[in-house]
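Visitor: So TrEMBL lists the following for this protein:
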BINDING   Thr10, Gly11, Ser12, Ile13, Gly36, Lys37, Asn38, Asn122, Glu124, Gly203  NADPH binding site
BINDING   Lys123, Ser149, Glu150, Ser174, His197, Ser210, Asn215, Lys216, Glu219  1-deoxy-D-xylulose 5-phosphate binding site
BINDING   Asp148, Glu150, Glu219  Mn(2+) binding site
DOMAIN    4-130  domain '1-deoxy-D-xylulose 5-phosphate reductoisomerase N-terminal'
DOMAIN    144-227  domain '1-deoxy-D-xylulose 5-phosphate reductoisomerase C-terminal'
DOMAIN    259-373  domain 'DXP reductoisomerase C-terminal'
Amino acid sequence: MKQLAILGSTGSIGRRALQVVDNFPDDIKPVALAAGKNKQLLLEQVKKYRPRLVSLQGEEDARWLQRQVGNRKTEIFYGQEGLLAVATCPGVDTVLTAISGAVGLGPTVAAIRAGKNIALANKETLVAAGELVMCLAHEYRVNIRPVDSEHSAIWQCLHGEDGNNVARILLTASGGPFRRYNPEQMAGITPAMALNHPNWEMGAKITVDSATLMNKGLEVIEARWLFGINYDNIKVVIHPQSIIHSMVEFNDGSVLAQMGVPDMRLPIQYALFYPQRPAGDVPKLQWPVTDLTFEEPDLEKFPSLALAYRAGRIGKTMPAVLNAANEVAVHAFLTGRISFMSIPELVAAVMEEHIPVTYNSLEDILEADLWARGRADEIIVDKF
Ligand SMILES: NC(=O)C1=CN([C@@H]2O[C@H](COP(=O)(O)OP(=O)(O)OC[C@H]3O[C@@H](n4cnc5c(N)ncnc54)[C@H](OP(=O)(O)O)[C@@H]3O)[C@@H](O)[C@H]2O)C=CC1
Ligand SMILES: CC(=O)[C@@H](O)[C@H](O)COP(=O)(O)O
Ligand SMILES: [Mn+2]
């Protein structure tokens, strides 16, 4: 029986992971769960799965949960200490990192240092500290298995292939809800419009990232670290149907693609059960599949994608700064403080001021992250 810990069990990925787990009660058991503010859902998860330990963001919420749980055999933690306890829970084989944002970085590093395999949904971890995280994974001999649908696809296309034969990664993007918008329409985008992804149901932050194409930019950097490939050899292709989840082009011109319905249970299950492919609940593609189309991304309309390539190529602390500024910008957009088109403007302004430094530790990254958040907040007050 594989023991699983989930960082972010109440979120979109966390809930889907538990649906996957429900299909295989004899094979996998969630024993440690971390949530943020959704104490009611975590309580339901505690009652259903009887985990050994759980964590909530706030102390008050943790006390509330303790009262509800009574003397059930579940230890309850909170805050950063709670995230670390879940990430390093003894006996756990795999930690699913499904928190949103760079807050997932510290617990992921702790999990690696505790020898846990990582099922990685939290792409911000590799964006902010890709080199450090991949080196640690190598040092502690743990596997990092991608959950992000595109990276799961690339991983599957690369099985059994010699890396020297790879010419390019073709990273597919839906293009988001505003693919066909003109500049006037772009100026009137509201949070409700941006939260309406055409193909995927996801948390708010990643849904806005999909709409700006920053999600694809973050995924370019994620792919660079997961697969050790140069930025020049990662090409983004708009594929509005989200049926082909990404492709690998080889030196001989052959292209392998991975296809499936847009349902995150598929890559989650693959990461948790690799190399097995047991039949689950995910619907199959209905053949013939028709009308698969492809386009070039419009970098002028969606500058976030170009910003991410730029940050990735500069390297050092710049991707951490891109990510942190973007997190502040998305939050500011969702709370009505800045417009949709101000998101890339703000990220660019913070990047412009940053002098990238080589990082040697998690602390160096967290310092750059904190600086970027502070500057982004100040720029919002001064200029937007
Ligand atoms: N959703 C998807 O289909 C995909 C998501 N991803 C990536 O997976 C990650 C999760 O995305 P998604 O599930 O959509 O996000 P959600 O916003 O739906 O879920 C985020 C989860 O993290 C928890 N959380 C947030 N902040 C904290 C904190 N400070 N301490 C503890 N827990 C916290 C939330 O808790 P609570 O709700 O209780 O507050 C929730 O459980 C992101 O990095 C995203 O980019 C990648 C590919 C696809
Ligand atoms: C499901 C998943 O992996 C998301 O990251 C998805 O890719 C978002 O869609 P976009 O292609 O619109 O960014
Ligand atoms: Mn993705």
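Backbone N, Cα and C define each Cβ position, glycine as well.
Curation does not apply to TrEMBL; its annotations are automatic.
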Visitor: Could you tell me which three-state DSSP class Glu150 (1-deoxy-D-xylulose 5-phosphate binding site) falls into?
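Guide: DSSP assigns Glu150 (1-deoxy-D-xylulose 5-phosphate binding site) to helix.
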Visitor: At the Cα level, what's the spacing in Å between Asp148 (Mn(2+) binding site) and Glu124 (NADPH binding site), rounded?
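Guide: So the Cα of Glu124 (NADPH binding site) lies 11 Å away from that of Asp148 (Mn(2+) binding site).
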Visitor: Would you mind sorting out which of Thr10, Ser12, Gly36, Asn38, Glu124 (the binding-site residues) have a C-alpha within 10 A of the one on Glu219 (1-deoxy-D-xylulose 5-phosphate binding site)?
Guide: Glu124
Visitor: By Cβ count within 10 Å, point out the most packed of the binding-site residues listed: Lys123, His197.
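Guide: Buried the deepest by this measure is Lys123.
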Visitor: Would you mind sorting out which binding-site residues among Thr10, Ser12, Gly36, Asn38, Glu124 put a C-beta under 6 angstroms from ligand 2?
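Guide: List returned for ligand 2: none.
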Visitor: Measure from the Cβ of Asn38 (NADPH binding site) and count the other Cβ atoms within 10 Å, all protein chains considered.
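Guide: So the Cβ neighbour count for Asn38 (NADPH binding site) comes to 18.
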Visitor: Considering each pair of residues in Thr10, Gly11, Ser12, Ile13, Gly36, Lys37, Asn38, Asn122, Glu124, Gly203, all listed as binding NADPH, report the largest CA to CA distance in Å, no decimals.
Guide: 22
Visitor: Among Gly36, Asp148, His197, Asn215, Glu219, the binding-site residues in the record, which have a C-beta under 6 A from ligand 1?
Guide: Gly36, Asp148
Visitor: Nearest to Lys123 (1-deoxy-D-xylulose 5-phosphate binding site) in three-dimensional space, by Cα, is which of the binding-site residues Thr10, Ser12, Gly36, Asn38?
Guide: Ser12
Visitor: Find, for the listed binding-site residues Thr10, Ser12, Asn215, the residue with the lowest Cβ contact count at a 10 Å cut-off, counting only other Cβ atoms.
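Guide: Per-residue Cβ counts within 10 Å for the binding-site residues Thr10, Ser12, Asn215 bottom out at Ser12.
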Visitor: May I ask which of the binding-site residues Thr10, Ser12, Gly36, Asp148, His197 have a CB within less than 6 Å of any atom of ligand 3, listed in sequence order?
Guide: Asp148
